Number of protein chains: 2
Amino acid sequence: MRGRIEIAEVEPVVDCGRYAAKAVVGDEVTVGADLLREGHDHLAAAVAYRAPGERSWRETPMRLDTNDRWLGTFGVDRMGPWSFAVGGWTDHYGTWADGIRKKHAAGQTDLDVAIEDGARLLERRTDLPAAASEVIAEVIAVLRGTGTLSDKVAAATDADLLALLERHPERLDLTWSAEYPLWIDRERARFSAWYEMFPRSEGAFWPAEGDDRSPRSGTFETAAKRLPAIAEMGFDVVYLPPVHPIGRTYRKGSGGPHDLDPQPGDPGVPWAIGGPEGGHTAIHPDLGTLEDFDAFVAEAQRHGLEVAMDYAIQCSPDHPWVTEHPQWFRHRSDGTIAYAENPPKKYQDIYPLDFDTSDRENLWQALREVLEFWIARGIRVFRVDNPHTKALPFWEWVIAELRREHPELIFLAEAFTRPKMMATLAKLGFNQSYTYFAWRNTKEELTEYATQLAYGEVAKYYRPNFWPNTPDILTEFLQTGGRPAFKLRLVLAALLSPSYGIYAGYELCENVPLEPGSEEYLGSEKYRFRPREWDRSDSLAPYIARINWIRREHRALRDLSNVWFHEISDPAMLCFSKVAPGRTDPILVIVNLDPHHPREATTALDLGQLGLEGIGPFEAHDLLTDTTYLWHGPHNYVRLDPDVEPSHVLHLRAL
Amino acid sequence: MRGRIEIAEVEPVVDCGRYAAKAVVGDEVTVGADLLREGHDHLAAAVAYRAPGERSWRETPMRLDTNDRWLGTFGVDRMGPWSFAVGGWTDHYGTWADGIRKKHAAGQTDLDVAIEDGARLLERRTDLPAAASEVIAEVIAVLRGTGTLSDKVAAATDADLLALLERHPERLDLTWSAEYPLWIDRERARFSAWYEMFPRSEGAFWPAEGDDRSPRSGTFETAAKRLPAIAEMGFDVVYLPPVHPIGRTYRKGSGGPHDLDPQPGDPGVPWAIGGPEGGHTAIHPDLGTLEDFDAFVAEAQRHGLEVAMDYAIQCSPDHPWVTEHPQWFRHRSDGTIAYAENPPKKYQDIYPLDFDTSDRENLWQALREVLEFWIARGIRVFRVDNPHTKALPFWEWVIAELRREHPELIFLAEAFTRPKMMATLAKLGFNQSYTYFAWRNTKEELTEYATQLAYGEVAKYYRPNFWPNTPDILTEFLQTGGRPAFKLRLVLAALLSPSYGIYAGYELCENVPLEPGSEEYLGSEKYRFRPREWDRSDSLAPYIARINWIRREHRALRDLSNVWFHEISDPAMLCFSKVAPGRTDPILVIVNLDPHHPREATTALDLGQLGLEGIGPFEAHDLLTDTTYLWHGPHNYVRLDPDVEPSHVLHLRAL
């Protein structure tokens with residue numbers, strides 16, 4: 001016989017348990033399931049769960065919510081692979097107790113047999129600890145005693161007795177669901193602020209047009225001088241594009257992606273990994289030594305910053321693997337190695353690895369060892385370049401393998417591709433993912449996208465990392481919207497998504513494209529050094545610092561599942577809130593999405609969602625400007641002039 | 001290594017394959033799945049499937065639809081348990097062919113190596129049958145020959161070659177999904193028209209108030225005389241409430257559910273099964289013998305009618321099992337058998353069976369043998385009484401067991417209870433289910449409910465059977481809406497749902513309730529005999545016959561997945577269509593849901609859905625009145641006077 005109780009639609013479950021749902025240390029994980037049994041008998045249910053390495057199960061009770069849905073919650077206090085299952089059983093005594101109460105309430109008096117039925121249900125509980133048995137014995141004595149019916153019913157349905165029996169359930173027909181995986185990360189996997197910088201640009205020299213002097217690369221030592229400013233802006237993670245030797249063959253020139261004629265001194269693209277000096281485990285000699293790298297990492301740590309490395313599985317034609325392990329590459333019929341192509345486009349400076357090579361085991365092992373090499377040097381965060389062009393089973397394997405020793409690892413998937421591919425990478429194990437945020441500009445687009453990420457099926461495993469810009473992505477919105485655009489896109493990224501990042505230069509509102517219609521930067525740092533004047537008086541650095549401070553101060557901003565969109569009358573204004581657990585500490589963000597014009601509007605706040613229902617006037621304290629407004633009810637007037645400040649970030653407080 | 005290709009979200013799949021999706025003989029079953037592989041290489045995919053008893057798999061190709069979704073279709077030509085799986089693999093040659101075409105189109109000329117790469121991809125196909133190998137060899141010769149590049153590219157990308165290679169795919173990294181079950185019924189499991197009758201009422205005598213004569217039961221012989229009229233109305237299934245001996249103990253009197261004082265001659269409720277004459281395998285002596293039953297069934301068959309029996313797992317206190325197998329019932333502490341209760345309500349005339357009895361195996365076997373007994377007498381359709389109060393694992397077991405020999409069995413679940421319980425019974429194996437239709441009256445309610453049944457998750461396994469009335473359900477709508485209400489509810493039931501049924505007396509618009517606010521009939525046939533004047537001139541029988549004729553004539557009405565709601569300007573008018581495969585033979589139904597007032601409105605037809613887009617004027621032929629209208633475009637005027645005719649059933653035809 002199959003299970004006596006029908007258990008279905010267990011959540012959070014991804015692809016029938018093929019993949020793990022995700023949460024972070026400190027979360028309360030709520031498990032839901034439909035439980036069904038014939039007839040009117042009462043059911044009871046529990047979630048069984050265990051932490052990594054635990055053999056025995058712990059249990060937490062489930063409660064009937066509505067429509068045969070049961071919910072139970074447990075806290076997760078450590079990283080790694082947890083698992084859970086749902087169990088259900090018939091609550092025979094509870095059924096009887098409910099019945100006797102109803103019969104008594106309906107005035108039935110001929111209940112001697114019914115009372116004795118209950119006594120026998122208690123009597124058969126010979127499995128209880130002594131203290132519980134004593135309580136039970138007392139109740140049985142009352143039921144069989146000479147007291148009134150009311151006394152007997154009261155004793156039989158006593159809340160303490162029912163609680164005792166709930167703690168020691170009789171589970172004659174206990175039925176378990178399958179066991180489901182749950183992956184628990186450290187909190188940074190969900191809540192993080194990233195800053196992307198090319199270390200070679202810091203302390204570098206790049207000659208202006210007509211200047212004959214040679215370019216000079218920055219070093220880890222000079223780049224480290226930038227770390228205090230990054231920390232001061234409130235970031236958690238400093239992400240470095242590849243720091244390895246760069247290929248010469250087919251090197252791109254400093255003119256940009258179409259410049260196939262590099263000049264002496266053109267440093268090449270960091271993603272063309274590998275040269276005579278080494279490959280994925282070597283440091284570019286211009287940047288320094290491995291020890292310099294270590295020192296940079298240590299300096300970052302001193303400033304509370306984690307260094308994220310780039311993991312790009314591809315080789316320049318000069319990578320040592322090309323000669324040492326030619327079998328790891330696909331060969332063409334003339335014996336040459338196949339360069340990357342997306343016909344008719346050619347990427348001759350890049351050799352992809354062949355994940356299906358006959359020497360697969362050694363290749364995959366070598367790729368794993370690259371990660372292990374950097375892990376051994378203290379790196380725990382990897383931004384993975386184009387994971388959607390590498391074999392999917394490789395990711396599942398390598399992430400699972402490394403996590404066994406290092407559950408604290410964080411992999412950010414840099415896949416800007418089809419939605420199901422992006423979702424699949426997250427299922428396979430990536431802890432965070434880039435998104436389409438950069439191209440979601442309107443109120444409708446932003447609302448729809450954030451709602452899908454927060455409440456859709458993907459919410460169980462896909463953690464968005466919102467980037468308003470990257471070295472590859474200078475959006476039209478930023479190109480044309482000026483400083484207000486940079487401010488408002490920062491607010492949206494940082495306050496909609498618990499994880500977000502910016503690429504260096506954002507604070508200076510760099511927004512000149514290579515050419516009209518292109519998202520490439522003019523003078524892109526991918527092809528040259530780009531030293532910057534960080535101390536410009538118009539830098540957004542203090543603004544960024546303020547935003548990151550708000551993120552840290554307010555628990556509500558660490559999550560995405562709490563985002564809520566409120567109506568606001570202007571179609572170019574967005575109004576959303578986040579609340580801490582228990583609908584406390586509400587933060588309300590209002591953004592004028594139009595960087596060119598002042599906008600004014602009236603809000604229609606959902607006060608219940610904000611935990612402010614029926615409280616009368618309340619304070620709206622703008623955390624950006626330290627201004628306080630007195631608001632009344634759902635409808636409040638707002639005006640935002642983008643040249644002054646495109647956003648309100650309001651901390652709402654009952655008076 | 002896990003599968004090389006990622007395969008997810010396979011459909012139709014119920015609860016991860018725990019239960020079977022359903023279809024009927026003659027269906028084209030479409031299987032969908034998300035298939036993902038890294039990079040730009042082309043994928044190919046197929047559905048593997050096999051019919052009951054087949055060892056080897058057949059395959060049908062899948063095509064990329066959109067958003068990484070692949071679809072493949074296969075026909076099912078016999079009843080029983082089918083299964084299917086989805087397979088995916090990399091199409092290496094297709095990838096190369098697409099690349100060479102693009103490179104050539106882009107004007108690249110240095111393609112000798114690329115052409116040879118393709119030749120080698122063909123050359124390694126040593127697994128092909130001789131004829132295919134010859135074709136391949138010819139293409140290789142062209143590729144290595146002295147022809148122009150254009151000739152070579154043309155040969156390499158020739159449609160016939162690609163089709164040949166699709167028929168003989170090279171599947172180096174073939175990955176299969178899990179295998180999923182699919183249950184195929186005969187068509188009647190989905191498309192059926194039921195008529196419920198109490199055979200004891202046909203040919204019966206029931207004395208009027210003050211008449212001292214004794215009541216007289218009808219018999220199978222007298223009841224059989226009613227069969228031609230039922231067949232003439234166009235029904236498929238005649239469903240009989242229990243025909244077994246009826247208990248005496250706590251028998252209900254003819255006054256109805258509250259009459260606990262039966263008079264001599266009161267026949268009792270047929271669902272109080274069992275008396276000294278026998279139990280579930282006996283025939284009530286008043287109805288005749290088993291042979292009379294057989295003759296009734298045979299007579300029904302002669303009229304094209306299947307007899308459905310009632311399967312009600314419960315016993316009167318006089319049922320033979322009570323003394324023969326007391327262990328099959330739950331006993332109270334005083335040794336008596338527990339009657340049915342839903343505290344504080346008591347049902348003392350009914351003993352439930354104890355599905356968890358220690359003699360479980362014998363009980364379940366006996367319950368199975370009851371079905372087998374009637375199956376042996378030619379019964380293939382069972383209406384199961386209150387299955388939601390019997391152990392769910394029992395249903396899964398007994399239906400699966402019986403289906404092994406008899407895949408043609410149809411079980412209709414009579415569960416009016418919580419939605420998830422109703423859904424679960426359908427998952428467990430019930431072929432049809434009663435629904436909430438009787439209480440869905442408004443445009444909004446009907447649209448929402450039909451949409452959920454047709455397009456929701458339940459559509460994969462839940463087959464609705466719409467009943468506007470039953471012996472237990474005389475709705476307020478019918479009580480107050482008069483003849484127009486009976487007509488319009490019939491049209492809705494019969495044309496919205498492929499399966500529907502009515503309970504005898506519907507054609508006479510019987511609508512007097514036991515008391516205000518009750519859904520019980522006054523003088524309910526459940527408690528007495530109810531002979532009727534079938535020949536009344538106002539009988540709806542001809543109207544019902546017309547509706548059933550329309551159902552049979554138009555393929556579109558055999559399905560639910562094709563239902564489509566069109567806008568119509570009056571909020572009390574409903575407009576829906578169904579089309580045959582390929583959007584042909586459209587039937588458009590317009591109903592005035594208000595039985596009291598004429599309504600007029602303008603339609604806003606979705607002509608694309610009707611297969612009538614861009615065709616100019618078209619005919620709307622009313623199949624109820626044989627009137628033809630000339631309609632133009634989506635907007636057409638409609639007026640329906642319920643006293644004349646509350647519905648249009650329009651067959652739309654291009655001119």
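Each position is counted from 1, following the chain as shown.
Heads up, the Cβ atoms here are built off N, Cα and C, so glycines get one too.
TrEMBL does not curate its annotations; it predicts them automatically.
Feature annotation from TrEMBL assigns domain 'Glycosyl hydrolase family 13 catalytic' to A:192-551.
Spatially close to A:ASN386 (alpha-maltose 1-phosphate binding site) yet at least six residues away along the chain are A:ALA312, A:GLU414, A:ALA415, judged by Cβ distances under 8 angstroms. DSSP assigns A:ASN386 (alpha-maltose 1-phosphate binding site) to coil in the three-state reduction, placing it in neither a helix nor a strand. The annotation alpha-maltose 1-phosphate binding site is assigned in TrEMBL to A:LYS252, A:GLN314, A:ASP349, A:ASN386, A:LYS526, A:TYR527.
Within 10 Å of the C-beta of A:ASP385 (active site, nucleophile) we count 19 further C-beta atoms, all protein chains included. The active site, nucleophile annotation in TrEMBL covers A:ASP385.
Summarising the annotation, TrEMBL assigns active site, proton donor to A:GLU414. Mapped onto three states, the DSSP output places A:GLU414 (active site, proton donor) in strand.
For A:ASP472, the entry in TrEMBL reads site 'Transition state stabilizer'. In the three-state DSSP reading, A:ASP472 (site 'Transition state stabilizer') counts as coil.
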In angstrom units, rounded to an integer, how far apart are the Cα atoms of A:LYS252 (alpha-maltose 1-phosphate binding site) and A:ASP472 (site 'Transition state stabilizer')? 15
A:GLU414 (active site, proton donor): tally of other CB atoms within 10 A of its CB: 22
Only counting partners 6 or more residues apart, tell me which same-chain residues put their Cβ under 8 Å from the Cβ of A:ASP349 (alpha-maltose 1-phosphate binding site). A:GLY247, A:THR249, A:TYR250, A:ARG251, A:LYS252, A:VAL269, A:ALA272, A:SER316, A:PRO317, A:TYR339
What's the CA to CA span in angstrom from A:ASP472 (site 'Transition state stabilizer') over to A:TYR527 (alpha-maltose 1-phosphate binding site)? 12
Determine, to the nearest whole angstrom, how far the Cα atom of A:TYR527 (alpha-maltose 1-phosphate binding site) is from the Cα atom of A:ASP385 (active site, nucleophile). 17
Just report the maximum Cα pair distance in Å for the recorded alpha-maltose 1-phosphate binders A:LYS252, A:GLN314, A:ASP349, A:ASN386, A:LYS526, A:TYR527, no decimals. 19
